[in-house]
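Structure first, then comments.
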Amino acid sequence: SIILKMNEHLLNRTVDKQLILFGDIAVDASKNLRICDQCLWPKSNDGKIYVPYIFDGVFNTADRAKISTALLELSMFTCLKFVYRTNQVAHMKFISASGCWSVVGRTGSKQQVSLERPSCVHHAVIQHEVMHVLGFEHEHSRSDRDNYIRIMKENIKDGRLENFVKMRTNNMKTPYDYLSVMHYGKTYFSKNDQPTMVAISDPSLKLGQTIGITEIDVLKLNRFYNCSKCNVQIYLCELQ
């Protein structure tokens, strides 16, 4: 995994005044981790959610194209629209600090999304970090995860169990998504190359992937932001 490879040395350490927890979630080192209840990006009168962003100067044309493509896919099937910042106070700034990480939810001011180049400038990694910015926790940390996956504590590295804590999440009556772009892989933080997570229904099921957002990720975005237009496949539209 790109995120694990890039971040393992950062966990529980401070980078650019951000404490890195749970694999890739940044928290202001001077504050406690907050429950993200009121940190959605606001909806405009036209029904769209505008999320402004800028690039740090270190990103070249190819990097910017990859990031823009990842953002475009997030907006194609939702009411989200990523726009280049003019003078908006609340915005994302893509930087190339050490590792791949971001905060969860809208902070109301400039918030950094670290994509250490070149490794973190990867389609699925970009979407994973931006999904955090949009308010999403990891899929394997959702409140009902014990109904779907089993945490194999005996295989987890010492001091890394905290990366598997459950969060208080609003799951919006969506199916558990074993392949969500927000789901870590089966051997994340393993001390012996054995699984640290397995699906209860079928331990051989793959967990996580490095391609990009899934249809269920899209469904969650649309429900989370109350997008009225359904642009995903028919059976998911019916779920809405």
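The backbone N, Cα and C atoms fix where each Cβ goes, glycine too.
Pulled from TrEMBL:
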| type | residues | note |
| --- | --- | --- |
| ACT_SITE | GLU129 | active site |
| BINDING | HIS128, HIS132, HIS138 | Zn(2+) binding site |
| DISULFID | CYS36-CYS39 | disulfide bond |
| DOMAIN | 32-228 | domain 'Peptidase M12A' |
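Secondary structure at the residue listed as 'active site', taken from DSSP and collapsed to helix, strand or coil, is helix. Using a 10 Å radius centred on the Cβ of CYS39 (disulfide bond) and all shown protein chains, the other Cβ atoms total 16. Distance between Cα atoms for GLU129 (active site) and CYS39 (disulfide bond): 15 Å, as a whole number.
Every protein chain considered, the tally of other Cβ atoms within 10 Å of the Cβ of HIS128 (Zn(2+) binding site) stands at 30. Taking the Cα atom of each, HIS138 (Zn(2+) binding site) and CYS39 (disulfide bond) are about 16 angstrom apart.
It is HIS138 that, of the binding-site residues HIS132, HIS138, has its Cβ surrounded by the most other Cβ atoms within 10 Å. The two recorded residues HIS128 (Zn(2+) binding site) and CYS39 (disulfide bond) have their Cα atoms spaced 17 Å from each other.
Cβ neighbour count for GLU129 (active site) (all protein chains, 10 Å cutoff from its Cβ): 26.
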